[in-house]
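Below you'll find the structure, written out as structure tokens, and then a few comments.
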Amino acid sequence: MLSCYFTTTGFYFSNLISVIGIYVFLYGQLYLVLSGLQKALLLEARVHNIQSLETALASQSFIQLGLLTGLPMVMEIGLEKGFLTAIKDFTLMQLQLAAVFFTFSLGTKIHYYGRTMLHGGAKYRPTGRKVVVFHASFTEIYRLYSRSHFVKGFELVLLLIVYDLFRRSYQSSMAYVLITYSIWFMSITWLFAPFLFNPAGFDWEKILDDWKNLNKWIRLPGGIGIQQDKSWHSWWDDEQTHLCSSGLGARLLEILLSVRFFMYQYGLVYHLDISQKSKNVLVYILSWVVILAVFLLVKAVNMGRQQFSTNYHLAFRLFKAFLFIAVLAIIIILSNVCDLSMKDLIVCCLAFLPTGWGLILIAQAARPKIEETGLWHFTRVLARAYDYGMSVALFAPVAVLAWLPIISAFQTRFLFNEAFSRHLQIQPILAGKKTKQT
């Protein structure tokens with residue numbers, strides 16, 4: 001019923017509940033998979049020849065997260081213009097990628113609505129209602145949608161990948177697709193929709209310029225008077241302004257929400273081959289030792305860059321080579337002595353990357369307590385490394401598609417179609433009428 005209140009807070013609240021429901025669903029599925037409970041339930045059901053469990057999961061996901069979201073619009077158009085017209089309009093909207101656009105705008109609504117509910121600071125968020133015909137740089141897109149869409153999209157993709165890795169031995173691929181197809185669609189939309197609707201977003205020359213601007217934006221130090229579109233440091237500080245006036249309760253809730261990454265890590269480390277199926281808490285403690293070692297490695301590289309990169313380039317390169325050889329030697333020793341497998345390395349990456357991001361979120365929430373310490377400086381270094389990694393992960397597929405000339409031609413044809421051109425021709429006429437009236 002709340003979804004009908006389009007012009008009131010009920011509409012935004014229902015959208016927020018829908019996205020929270022997706023997170024709860026995915027983390028719940030991950031708990032069932034990693035704990036072994038889902039495997040036991042499905043095997044027990046197969047022993048008794050009961051196929052209703054997977055069927056129920058797949059069918060409700062297909063209907064609830066797919067069909068029902070578009071059904072109210074079809075019914076409304078059907079009552080006004082007839083159901084045949086409604087089906088035609090609905091099909092045409094899908095061909096025009098309306099589902100991609102509105103799914104992406106959903107992320108904008110729930111991010112700022114949820115942030116305002118938690119920390120306050122409500123203000124007008126311009127969405128741009130004019131005809132946009134200029135190319136937005138990759139850096140601008142990243143800083144506009146990083147926290148509202150890209151971070152959440154990466155988190156959902158990681159959850160889906162881990163869920164897929166650990167359910168393969170007992171669950172059919174068709175059931176997995178039917179259960180998660182809508183979440184995959186939302187995740188990919190949140191990650192790549194801005195580049196799809198960005199004019200000349202797959203032009204190779206602009207991609208090369210975007211890469212240069214991205215590296216310049218990441219490396220340029222911030223400071224007083226430097227705008228956030230010129231430096232990552234200025235943008236990162238501006239992204240945390242909502243925490244400056246936030247209360248203690250909101251900060252504690254932010255920390256509590258970040259604990260989900262540690263629970264996610266806890267579930268994964270016990271599935272490593274090197275743990276030898278041990279359930280001892282020492283396995284989890286050792287995983288934190290590994291994370292601490294990685295942090296110290298990052299700190300050492302950063303200190304080496306500050307000390308040697310300016311005047312002693314050769315010494316800095318030798319220092320990085322020594323660290324690389326040392327890490328490689330440790331991995332080889334663990335592979336021979338403790339049965340460390342390639343699967344363990346992949347699972348460790350999937351487990352520890354979200355953990356580092358959770359620590360960054362906790363440090364941001366506790367900024368007043370640690371801002372004057374070296375821990376805050378390290379948090380800034382780590383956050384920049386994460387942002388650079390996420391931007392490269394987004395940039396790589398866009399660059400590959402831009403390398404193919406047909407993709408750029410298709411995007412240009414799709415965006416600047418006949419209806420769009422007709423709208424551009426009408427715009428000057430409307431502007432002329434308004435000028436005469438004034």
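Placed from the backbone N, Cα and C atoms, the Cβ positions cover glycine too.
Caution: TrEMBL annotation is automatic and unverified by curators.
The domain 'Glycosyl transferase 48' annotation in TrEMBL covers 1-338.
Annotation comment: TrEMBL describes 12-34 (among others) as transmembrane segment. Same-chain residues lying 6 or more positions outside the transmembrane segment (12-34) and placing a CB less than 8 Å from one of its CB atoms are 2-3, 5, 41, 65, 106-107, 109-110, 113-114, 117, 156, 159-160, 162-163, 166-167, 179, 183, 186, 260, 264, 267-268, 270-271.
The transmembrane segment annotation in TrEMBL covers 95-114 (among others). Within the chain, the transmembrane segment (95-114) has long-range Cβ neighbours (under 8 A, six or more residues past its boundaries) at 12-13, 15-16, 19, 70, 125, 127, 147-149, 152, 185-186, 189-190, 193-194, 196-197.
Annotated transmembrane segment per TrEMBL: 175-197 (among others), in sequence order.
A Cβ distance under 8 Å defines the sequence-distant neighbours of the transmembrane segment (248-269), meaning residues of its chain 6+ beyond its ends; these are 27, 30-31, 34-35, 118-119, 159, 162, 275, 283-284, 287, 347, 350-352, 354-355, 357-359, 361-362, 364-366. According to TrEMBL, the feature transmembrane segment maps to 248-269 (among others).
If you look up TrEMBL, you'll see 281-298 (among others) marked as transmembrane segment.
Residues annotated as transmembrane segment in TrEMBL: 318-338 (among others). Note on the transmembrane segment (318-338): residues 274, 297, 300-301, 304, 308, 345 of its chain, located 6 or more positions outside it, place their CB under 8 angstroms from a CB of the stretch.
Taken from TrEMBL, the feature transmembrane segment covers 345-366 (among others). Within the same chain, residues 151, 155, 158, 161-162, 165, 240, 243, 251-252, 254-255, 257-262, 264-265, 268-269, 271-272, 287, 290-291, 294-295, 331, 375-376, 379, 382-383, 386 sit at least 6 positions outside the transmembrane segment (345-366) and bring their C-beta atoms closer than 8 Å to a C-beta of that stretch.
Tertiary proximity for the transmembrane segment (386-407) is limited to same-chain residues at least six positions away from its ends with a CB under 8 Å from its CB atoms, namely 138, 142, 146, 150-151, 154, 191-192, 195, 201-204, 207, 210-211, 214, 218, 232, 236, 356-357, 360. Taken from TrEMBL, the feature transmembrane segment applies to 386-407 (among others).
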